[in-house]
Each structure stands twice: as C-alpha cells, then as structure tokens.
C-alpha cells in the first residue's frame, strides 16, 4: 500500500508540471485505474522526470491560482480524484491539478459537479425549515443548518436567508435618501456591494446591485456637482428682500423660445422678447436676494425670477449685468467680449388682463378689416325673430355704425350689442318665431289666418262669409270658394301649378321630373282617399251650417236630394283634378 501511495503521489506531481506531462507517457487517469503491476512498471520514469525538473519548481511564495474557467478535462479529472479519495482529502485532490488550490476544487465540486446538489428553486417547506433552524442556531451556523437540508450547502442557505427570508429586509420602493446614500457609498467603495450594504440597513447586497445596475447608474448624468439627486421645488416667499428664493439647478437660463439678441453696434434694431411664454422656473440658476433697486418688482412675477437669476454669482461671472428693472420688464447688458462686441436683452413681463384687452382694441382699429372680434353668447340675437327688430334698428343703429369696419369687398363685421336684452324670452316664443319665418316650411302645414278681431254674429255666418277665408299657396294668398270640396283640395292646390307656369319653385333637375310627378300623383291619391272617406261627415256639417245660417225653409224630404247633388259635384271636381295629374305624368 505504501508503494501504491508513492506511485500515485508521483503521478500527481507529474501532472503539476506541464513539461513532465508532455514527456511522460502516464496519463491523468493512469493513477486512478489499472493494476498495480502497470503502475509499478511506470514508476521509474515518473520518478526520474520529477527529479529532473524539481529544481524548476518554486519552494516558497504563494501558490499560483488559475484564474480561468474549468475545462471539461479538468472536471473529469476532478470527478475521478474525488471518487478515489472519497471526497475527504482535498489537499491531495488539488495536487492533481496545476495552478488549482484545494478551495477551488472543493467549491467546484460542491457547487457544480456534485450530483446530489439541488440547483432548482426553493420550496416553501425548505424556506420554513431554514426559518426554524435560524431561530434555533442563529444566522451563523450555516453548515449545521445545511445538514438538515439534503442537496443544499451552507452557502445556499446563507444566501437564501440574507436575500429573501430575513424579516428585516426592506422590499418597498427606494427613497430619495437611500438613493443618495447609495451614490455616495458607490463613490467610495465602488462595486463592493457587501460594504455598501452596511451603509443601507434593510437592503441586501443583491438588491443594491440590482437597483444600481437597472436604474440608478443611468441617472448619474442628471446629478449636479452639489450631490443633490432630486431637483428641489421653487420656493416663493411673500417678501423676497428678507428670505432668499431657492431656485432649482445651478446652470443657465432655459428659454424655450430664444430671445432676439443683437449687438449694440447695430442701430435701429429692437432688443425685445416676450419672457412670459418661455421662462422655465425649473432651470434658473441658484439666485441670491435682490438689491434694493429690484425690490419694487411684483413678487412671484417672471421678471423677478429673471432678475434673481441674473444676480447670481454664476451669471455675474460671465459678464452679465442688469441695467434697469421695472414693473414691465428688465434690461440686461453684457460685457464686451474679445472682439469688442456686446449685446442687450430687454425682457418684458406679461401684460395684465386690462392692458391686453386695450392693446387688442387698438390693434383692431389699426388692422382694419383684418380683425374680427368673436361675439359673446348673450349678445347673439336671432335675425329672423321680429321681436328683436326694434333692438337692431333702434337707437343702437347709430352706435353700431360707428364701430363697423368696412372691408374692401363691402362686407362688415357684425359688432356686439352694447347691452343685454331687458326682457327674457322664453324658448317657446323663440322657436315659434323661427318656425314662422322658416322659408322651407310646407304650405300644407300652415294654418289659415282668420280675422279674430271682432266676434262674428250668427246672422253673418253664411256661406258667403267663407269668402273672407284665405289659404297659402306658392302663388300667394288664394280666396276659398264656397263649395265644400275647395277645402279638401286646398293642400292639392298648394303644391303649385300643374302646367309648369311657375318655374321659380322647381329646382329639381330634369332627370328627376318623372319621380317628382309620381310622388305628386301618390300624394293626390292619398288626398282623394281622405276626401272620399270624410265626404259624408264633412259635407253634412257644412250643409247643415249653411242651411241654419241662411234660415232656409228646406224640408226634411228635400235634404237627401241636396246631399246627393253635393256629393256628385264633389266627385266630379276631384275626378277632373286626378285626370289632369295623370295626363301630366304621361306627358
């Protein structure tokens, strides 16, 4: 057994020397396999090669460690060495690998190559068992705790506890103070997350590393030199003479719309720019309290902000100087540069509401017909209503004429009314007025206008009195005839002349003439049906009314004859109208 151990040791020494490994015929696996005779025959060359290069080996100093990854050949050699030594003597196992230590071999076997190692996710039973064991042994004896968890090593249990199971771990969102502390600690320690975790209680090194790499490292460019991570809000006090205003981010004036900047040697140019629309409070330099000459400016205005920004030391160092500050703006002058040129900026404050309205009125008179003023809702008056005729044509006419602006085309802009209406009109009255004046209302829907000024006596209610009735047609007012069928054919006559004499109402194209005539024929047929259905009732009522008003002496026996006669006349008239319409459609 002693000879066998000596041969194995010599084989491992040979593997530690690259020159011996290339010259010797003994393979790495020869020391773990084969019979004793084979090893005995190969032992003399191994010992001679080891003695020949023993002087090249270092006898002192630290052991060189391989920094590269493990190759498949090294993994296979490690498996055989662990199997030979039963995984107990790691110092002898490490002697079989050049530039590998026993710690490297042990970790490689425990973390990677061990077939009993569990690399999957943690189960709830394992987490509960770790929590119970930590309560019993404390968060230090991880090798003892790992023995209770088959397939897990002490390092896995420790990382599971410190990164996930520890109740002191903070899993909420990162605060501003924590991020600022992380930035400061990273400047000191770099990527030493365990050291940084000591500065941030409740945050694990793993969570710190993830938060830094995911989001916080990208925000470093936005931090200023004063290490203020979050831009403070603008604080505006009532009296800025006593308390300074905290402005955000020391830098330059951020003007979204660049002002017009001209040099002083160019006369005749206006140095104006509106500062109310492009001043950005979030990017003004850190300002100092203003002097007494700027104290008259209104607090919180845009001019105040610009004046404070230009009074700061960072801006004064660039040769900028405030020439004058007033309520409507300020003037900034620059020192001459190396070329001898300087420039001036005049920043004007936003005008008040009254000044803006006055300027708009002045511009309206100067622009002439190019200006249009939008009327208010309470000033809009329905043109078609007759109730507003006095309001539009009364005393206000002279006032409106003074405000009207004639355009080159002869059109005028309607001026707004000077005052509101004194009488509030109801919705019904406005709708009725609009309906009566609507030109597209069909005449069949219009009511007959009756003279209701004086009551009609019973003696005047005769058939001849019906001549005072009127109905609307496209040709104008038409008198009503005394016959009952005239009332039934009123809507038919209101459709217009059938001979085509009136051309002003026919706006349809010629290809639609037939369809229009067919629709007219259908309308007449419907009216004939309606007239024949209500002929008896309507005719009897008119007949009785005329007989009673004229005090006729017709007897009861003559009434049926008169009724038949009137019925025949009505049918004849309606038949003529229908025949005329049919002939028109055929033509």
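Just so you know, glycine gets a Cβ as well, placed from its N, Cα and C.
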Swiss-Prot annotation (region 'Disordered') - matching range among 378-398, 399-419, 420-440, 441-461: 441-461
Matching range for Swiss-Prot feature annotation, DNA-binding region, among 169-192, 193-216, 217-240: 193-216
Matching range for Swiss-Prot feature annotation, DNA-binding region, among 18-41, 66-89, 90-113: 90-113
Correct range for DNA-binding region (source Swiss-Prot, candidates 118-141, 142-165): 142-165
Residues of the DNA-binding region (90-113) by DSSP state, where helix covers H, G and I: 17 helix, 0 strand, 7 coil
